[in-house]
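Trainee: So TrEMBL says this about it:
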ACT_SITE  Cys123  active site, proton donor
BINDING   Lys22, Asn23  phosphoenolpyruvate binding site
BINDING   Arg99, Arg128, Pro129, Ile130, Asp131, Leu132, Asp313, Ile335  UDP-N-acetyl-alpha-D-glucosamine binding site
DOMAIN    6-414  domain 'Enolpyruvate transferase'
MOD_RES   Cys123  2-(S-cysteinyl)pyruvic acid O-phosphothioketal
Amino acid sequence: MDKLIVTGGKRLEGTVPISGAKNAALTLIPCALLTEEPVTLRNLPRLADIDGFQHLMTQFGVAHSIAGRRPEDFGRVVTLEATRITNTVAPYDLVRKMRASILVLGPMLARMGEATVSLPGGCAIGNRPIDLHLEALKAIGAEIELAQGYVKAHAPDGGLPGGDYDFPIVSVGATENVIMAAALANGTSKLGNVAREPEIVDLCNMLVAMGAEIEGIGSSDLVIHGQKTLNGCTYSVMPDRIEAGSYACAAAITGGEVFLQNARPDDMNATSHALRNAGVTVEYEKKGIRICADRPLNAVNLTTAPYPGLATDMQAQMMAMLCLAKGTSVLTETIFENRYMHVPELARMGANIEVSGRTAVVHGVDRLSGADVMATDLRASMSLVIAGLAAEGETQVRRLYHLDRGYERLEEKLALVGAQVERVGD
Ligand SMILES: CC(=O)N[C@H]1[C@@H](OP(=O)(O)OP(=O)(O)OC[C@H]2O[C@@H](n3ccc(=O)[nH]c3=O)[C@H](O)[C@@H]2O)O[C@H](CO)[C@@H](O)[C@@H]1O
Ligand SMILES: C=C(OP(=O)(O)O)C(=O)O
């Protein structure tokens, strides 16, 4: 199995191109199920999760073609064509590897009147049930039963009627699933307390380009007037705000200066606010965001929350950065119950962190030292890379398949800004 060897101590300097957002791409791809016409996605990141999702789409009979690009380019252009869907089952083997597969449930049901999708199960960061996906789809007319580990969903004859649903808690995935289904329902759906993440706005914008009628885009309340059919479109995936935030933390911990090319300032206010409080200069420019830091950084208190709050997907990277800050930072994780698995690994590098329930108290230390560490999930992995960049000596990060889910060609991008990072086979 591959591992990453990070030699710490280099100040990061230069430009990092930011890729298309994994979490947007994972909801834009299943939109292709909503139409017989071709859907072309530009700026799709080259990631294991995206390849996995395309494989799942192929199982449904969706044709896909990849426009030729030079291997050294980041991103790719993919056309998906669901002219005839030949299979409506998403099997356990594919769903268990990629939780986002549950996002085929809504569009498949709306288009085909039926869908069978394996229950994804829990994962490293928490329990992650899908009850809200099912409740929201029921509210717009789906009939749902659970059997043998699968969700079996049916629409009444003639299709989903549409309906109203108020989410008891904010869920990104459940919001996405029901938006996609409602876009192709017979009637109007009113959805309250929906997630407002930029990736949801990206989804709505793409659906509108496909002919959907959606009111309230970007707000907590959406009204979706279902359409009989939707058309194909060409759409560019938004830049990855979590990837951008991760490289910002990497630059900051090394006291570096990095331009995050293509990063969209409007999506990143909570991350920028946290960085500024830590003493990092964050400048919004036309084509991206400039990060400039002097060490030591200041301690800050952070609480994760649904958008526009600080993303839970930024918590581990922020924590790594704060390990070397002056003073004590208190981090509170409010979204997932088990998202501190990077803490014992950071401790192996000399970090001083106490965890109690959802709170982590990070006492800044003067130095970190390189160590062998084990990545446990996607953002935890990135936190170890960030710590490794500022640590004395060599850090070996194992289990790279987590990183490959969400960071397009990480070591190449880090090399562009002067980091010494090498991927080697075990
Ligand atoms: C592919 C993708 O976009 N993944 C993101 C998405 O995950 P995902 O869509 O899975 O996360 P949710 O927003 O649904 O989860 C938020 C909270 O709601 C709970 N919940 C969710 C659904 C449900 O049916 N019942 C329920 O109780 C979850 O366990 C969690 O505690 O949003 C998360 C929160 O911003 C991010 O960390 C993930 O990177
Ligand atoms: C938790 C994440 O992703 P997923 O929902 O795909 O597991 C993430 O991107 O940090």
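Along the chain as shown, residues are numbered 1 onward.
Using N, Cα and C of the backbone, Cβ positions are placed for all residues, glycine too.
Unlike curated entries, TrEMBL annotations are predicted automatically.
What's the neighbourhood like for each of these?
Mentor: For the recorded site, Cys123 (active site, proton donor), the DSSP three-state label reads strand. Counting every protein chain shown, the Cβ of Cys123 (active site, proton donor) has 13 other Cβ atoms within 10 Å.
Within the same chain, residues at least 6 positions away in sequence whose Cβ sits under 8 Å from that of Lys22 (phosphoenolpyruvate binding site) are Pro45, Leu47, Asp49, Ile50, Asp240, Ile242, Glu243, Arg405, Gly406.
In the three-state DSSP reading, Arg128 (UDP-N-acetyl-alpha-D-glucosamine binding site) counts as coil. The Cβ of Arg128 (UDP-N-acetyl-alpha-D-glucosamine binding site) has 17 neighbouring Cβ atoms from other residues within 10 Å, across all protein chains displayed.
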Trainee: Sequence gap of 6 or more, C-beta under 8 Å: which same-chain residues meet both conditions with respect to Leu132 (UDP-N-acetyl-alpha-D-glucosamine binding site)?
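Mentor: In sequence order, the residues whose Cβ lies under 8 Å from that of Leu132 (UDP-N-acetyl-alpha-D-glucosamine binding site) (at least 6 apart) are Phe167, Pro168, Ile169, Ser171, Ala174.
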Trainee: Taking the recorded positions Cys123, Arg128, Pro129, Leu132, Asp313, which residues show a Cβ-atom distance to ligand 1 below 6 Å?
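Mentor: Result: Arg128, Pro129, Leu132, Asp313.
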Trainee: Could you measure between Asn23 (phosphoenolpyruvate binding site) and Asp313 (UDP-N-acetyl-alpha-D-glucosamine binding site) for me? Cα positions, answer in whole angstrom.
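Mentor: Spelling it out, the Cα of Asn23 (phosphoenolpyruvate binding site) and the Cα of Asp313 (UDP-N-acetyl-alpha-D-glucosamine binding site) are 11 Å apart.
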Trainee: Just the binding-site residues from Arg99, Pro129, Ile130 whose C-beta lies under 6 Å from any atom of ligand 2, please, or none if there are none.
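Mentor: By the Cβ criterion, which requires under 6 Å to ligand 2, the hits are Arg99.
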Trainee: Measure from the CA atom of Cys123 (active site, proton donor) to the CA atom of Asp131 (UDP-N-acetyl-alpha-D-glucosamine binding site) and give the result in Å, rounded to a whole number.
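Mentor: A Cα-Cα distance of 16 Å.
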Trainee: How many angstrom lie between the most widely spaced Cα atoms of the UDP-N-acetyl-alpha-D-glucosamine binders Arg99, Arg128, Pro129, Ile130, Asp131, Leu132, Asp313, Ile335?
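Mentor: So the binding residues stretch over 22 Å, Cα to Cα.
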Trainee: Name, in the order they occur in the sequence, the residues of the same chain whose CB lies under 8 A from the CB of Ile130 (UDP-N-acetyl-alpha-D-glucosamine binding site) and which sit 6 or more residues away.
Mentor: Ile102, Leu119, Pro120, Val151, Gly173, Ala174
